[in-house]
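Peer 1: So TrEMBL lists the following for this protein:
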type	residues	note
BINDING	Gly86, Gln87, Thr88, Gly89, Ala90, Gly91, Lys92, Thr93	ATP binding site
DOMAIN	3-333	domain 'Kinesin motor'
Amino acid sequence: MSTMKVCVLFRPLNPKELSEFADAVSVQGINSESFIVKDEKEQEFDFTFDRVFYQGSEQADIYEFLALPIVQGALDAINGTIITYGQTGAGKTYCMEGPSIVDCESKKKGLLQRVVDGLFEAITNSEKPSKYTIKLSMVEIYMEKVRDLFDLSKDNIQIKESKVHGIVLNGATEVAISNSAEALQSLSSGIANRAVGETQMNMSSSRSHCLYIFIVHQDLTKDKRTKFGKLILVDLAGSEKVEKTGAEGKILEEAKTINQSLTALGKVINAMTSSTPGKPTHIPYRDSKLTRILQDALGGCSQTALLCCCSPSPSNSSESLSTLRFGARAKHVKASVHASCKEDLDNTKDATVYTYVDESRERILAKLRERMTADDVQLLEKLFVLEGIFFDPNSIDEIEAAYEDVTSRTISSLHKAVEELSTGVEKMKRENVALKASLKVSEEFYQHQLERRSLCFIL
């Protein structure tokens, strides 16, 4: 079992922070792995991570330590995920994309450009008798909808699960890329479609979580096998405090959705790191689109690296502490990493035939056959399968995924019902205590009144 690699990046102070606190910082470095952070009350907190990148760190150093091992793993059919996390304006997107995805000097290139270069460089230098192909997808999670940034007409992509490929985005555009220049041009067009907005913390604030997905196929002609590795880079939208960002209207609604999905991510991490050994624990992956898509990265067979981006300024110490505590928790997440491969389907066919009969499906198709030609019904049936309205009757993966989905949703609903019931019971207990106290006061008052009347009668 491997653990998640967690690093921290402290970006340089921005002009607003310099004008408020000059060059004062709340971070005291100890070494390349440990540091001390002071909160707003000057209380000190110690943290230790896999690597700390202080102000002035080079983008190349971050790539080589954090991302390069994952890039190499993707070429060996090991899935990998790199996530940037932190408050809005903490430098996540800059670290991911650099100042510009295409026209950027080498020294300032972000993780994304370096990953692209690293993939093609490794393929060029590979001595294996293999044929490589790379496909690129790019989506954003905006207001809890998965949108295709290469095709804006696909604004509500469905999330599916496959035994072979794990979590997949059904129908997301895949662009074949054969070199770095093609990849960067495609990424540039996708980035131009991303949702951004202006806040008091950031002139160009990301209003969505963005995922850059590289699928590396490796055809081993000698062994007649196909290996594939999935590499995902995730630029999370930043957590926001309304009093600092000044968000209102549409920007405020976006901020609420962003914070809700980040809260769901925190709950998943907490559930994964606070479970009792030997006791089953429900992990609420389906509470948000973000955690559902990251299910493989967080609890599956993926190498995962987390870069916590922070401001070193005292004005943002509370937000930085929150980010660091999240990172410290994530360090305890464990995953079982292994290569993904499948036999050549032309030579190894499964003799088992799976059948699945859905009465409602057949009833609908029978009605359609009464009104349409057989060819029309067949085309419509194929469309329904593609859109997920019907399951493919010959696909056991679809059936099992659907069963697991229903089971998980039921468990999640039961957990929520228990939580609501517990909250209701606690509320009733408090009301009961308050009622008893009120009743006691009333009884004492009534007794006092009786005593006064008796005294008056005697007199």
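Glycine residues also receive a Cβ, built from the backbone N, Cα and C atoms like all the rest.
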Peer 1: For Lys92 (ATP binding site), which residues in the same chain are close in space, meaning a Cβ under 8 Å from its Cβ, but six or more apart along the sequence?
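Peer 2: Looking at Cβ-Cβ distances below 8 Å from Lys92 (ATP binding site), excluding near sequence neighbours, one finds Thr84, Tyr85, Gly86, Ser206, Asp235, Leu236, Gly238, Leu307, Cys309.
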Peer 1: Around Ala90 (ATP binding site), how many other CB atoms lie within 10 A of its CB?
Peer 2: 26
Peer 1: Given the binding-site residues Gly86, Gly89, Gly91, which one has the fewest other C-beta atoms within 10 angstroms of its C-beta?
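Peer 2: Fewest other Cβ atoms within 10 Å, among the binding-site residues Gly86, Gly89, Gly91, is found for Gly91.
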